[in-house]
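Enquirer: Straight out of TrEMBL:
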type: TRANSMEM; residues: 6-22; note: transmembrane segment
type: TRANSMEM; residues: 29-51; note: transmembrane segment
type: TRANSMEM; residues: 63-89; note: transmembrane segment
Amino acid sequence: MILSIIFSVLSLFLFFYQLFTITKGGRFYLTGIFQILAGLCVMSAASIYTVRHTEWHIYNSDYSYGFAYILAWVAFPLALLSGFIYVILRKRD
């Protein structure tokens with residue numbers, strides 16, 4: 001999860017850098033790649049967290065997933081979606 005935060009912050013700074021340096025009609029490839037990497041890091045962290053906690057797999061368990069865990073699974077597709085949008089996005093004047 002820390003790696004995904006680092007990739008997201010790098011993506012933000014790269015976006016601002018590319019916003020002022022690329023020519024009109026250029027695409028934000030590097031920003032999109034870092035955002036997609038952040039989404040994949042969120043997915044892998046949530047998957048590893050799920051596998052490590054086997055007490056959640058019992059049917060009649062008193063354990064719950066919690067808000068942060070559910071938020072991580074919601075953040076995964078949103079980060080991937082924003083990464084793909086960055087790749088498609090073109091700079092306008």
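Note that Cβ sites are derived from N, Cα and C of the backbone, with glycine treated the same way.
Bear in mind that TrEMBL entries carry predicted annotations, made automatically and left uncurated.
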Enquirer: State the residues, same chain only, that lie 6 or more residues beyond the ends of the transmembrane segment (29-51) and have a CB under 8 A from a CB inside it; answer 'none' if no residue qualifies.
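Expert: Sequence-distant neighbours of the transmembrane segment (29-51): 1, 3-5, 7-8, 10-11, 14-15, 18, 69, 72-73, 75-80, 82-89.
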Enquirer: Restricting to the same chain and to residues at least six past its boundaries, which positions have a Cβ under 8 Å from a Cβ of the transmembrane segment (6-22)?
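Expert: Contacts of the transmembrane segment (6-22) (Cβ under 8 Å, skipping residues fewer than 6 from its ends): 28, 30-31, 34-35, 37-38, 41, 79, 83, 86, 91.
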Enquirer: Counting only residues 6+ away from its ends, which parts of the chain sit with a Cβ under 8 Å from the transmembrane segment (63-89)?
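Expert: Answer is 1, 4, 8, 11, 15, 27-29, 31-40, 42-43, 45-46, 49, 53, 55-56.
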